[in-house]
Amino acid sequence: MALHVPKAPGFAQMLKEGAKHFSGLEEAVYRNIQACKELAQTTRTAYGPNGMNKMVINHLEKLFVTNDAATILRELEVQHPAAKMIVMASHMQEQEVGDGTNFVLVFAGALLELAEELLRLGLSVSEVIEGYEIACKKAHEILPDLVCCSAKNLRDVDEVSSLLHTSVMSKQYGNEVFLAKLIAQACVSIFPDSGHFNVDNIRVCKILGSGVHSSSVLHGMVFKKETEGDVTSVKDAKIAVYSCPFDGMITETKGTVLIKSAEELMNFSKGEENLMDAQVKAIADTGANVVVTGGRVADMALHYANKYNIMLVRLNSKWDLRRLCKTVGATALPRLNPPVLEEMGHCDSVYLSEVGDTQVVVFKHEKEDGAISTIVLRGSTDNLMDDIERAVDDGVNTFKVLTRDKRLVPGGGATEIELAKQITSYGETCPGLEQYAIKKFAEAFEAIPRALAENSGVKANEVISKLYAVHQEGNKNVGLDIEAEVPAVKDMLEAGVLDTYLGKYWAIKLATNAAVTVLRVDQIIMAKPAGGPKPPSGKKDWDEDQND
């Protein structure tokens, strides 16, 4: 009989076998900081217009080529619990503002890196946290003073276009003027009088071929589908939408039939035909000339639809059906009954068109007062179009933010350097040990212009010293000139490089909260993972014998 081996005394004694336990500065805090630094370093090189792309292949073997931090993090599936906190902060930024996710990561990474220096010098964690929280509060007090201008008229396409340049530029440098104009046209055309803008009302349809500059905006909806029948174009369309198949009702009983004569064979399907004819005629008599269905279309129903000159469109996606109902003002009917006038939708024209070599059905409103607008994107590869779609998404979200708060702050690192300068001065006036943390908080802001400079290929230290010198003279709006080949600065307000006030406000708040949360952790206790061994993923033939 084997002897009972006692567990080592201490915390591990209380836990189940296989559980892991880390505590103290070395094991918990520094480890967490290291993980967050690594994550921030990964996305830092993707920051700004000259940021590098990342090639990510997810667990479904889908390829992503992008410099959008939100997409990179979503597909990376980060496992480390501390790094996950930073990822969650960037997801919150994505939900709140729709842009600035990389700012949160880079800034939180810089805060933790500088906190590690202070902890190694002998400051306690609570002093660092207190200093960071005071500095964050001070940054939010200073930020309103840095506002350089406000959006005046959100119904002017040219003004809106100029305000969207910066957010689009970070994803599609070189195409920002063209894309910002498209996004502005789409947003302004459906901006309601109430001022409540819904980002879901801007749809994107990606069609392979041609180039980015062949993209266009359309008031209405575009579907990559073909029409089912012979009718391919209808003006002044009255639309009936059905969520059921466009077919006759079939009973669930067995259909065994005994036919004794040729006449009976002739009359066999006549009743079914007459019923289908009556159903389609009843729909046509209501004035409906376009039928959209969410199910299959029977051959017989198609024949009668052609007979009564009804255009038939089949949409497999229930989401597409819902959006179409919203666009044309229709109600989706669950059964093949003739619609009443209130249930029918209206559209100026519905037609089949060919874009490149792709057939599309277009539901078009001539007036710019539709509920939904569609941006038709063209591009040479699917990955490129996906990246352009992300740029469009950022632009639309920026417009949404401007409808909530019209204030703008200078971009290109100008706001960050001014905050760093003023918070450093404030830190000098604080008597306690938290002054060191406040100064480090200010220093963390330098990570943003430093990342922009490094990604543009110029010397970061030279740029930052130039920016400090200019800001010391009182030029608050001067930031990094990313187009210059040598370290240079210029006025961001004149250059039109502007960031939203809300975007900056939330990014600073969320990054600080995430960094403080990571620093507050002094113990990590991990239970043994449940279940047996997981099968190896990726190998399709993992259970077959290997012939080496």
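Note that the numbers count up from 1, one per residue, in the order the chain is shown.
Glycine residues also receive a Cβ, built from the backbone N, Cα and C atoms like all the rest.
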Site-mate of Gly100, Thr101, Asn102, Ser170, Lys171, Asp499, Lys504 for ATP in Swiss-Prot, selected among Gly18, Gly248, Gly255, Gly412: Gly412
Residue with minimal Cβ packing [other Cβ atoms within 10 Å] among the recorded positions Lys400, Lys459, Lys504: Lys459
Same-chain residues at least 6 apart in sequence whose Cβ lies under 8 Å from Lys171 (ADP binding site): Thr66, Asn67, Asp68, Asp387, Ile388, Arg390, Ala391, Asp394
Largest tally of Cβ atoms lying within 10 Å of a Cβ, found at which of the modified residues Lys318, Lys466: Lys466
Lowest local Cβ density (other Cβ within 10 Å) among recorded positions: Ser23, Thr101, Asn102, Ser162, Ser317: Ser317
Recorded positions listed as Tyr30, Tyr47, Tyr505, least Cβ neighbours within 10 Å: Tyr30
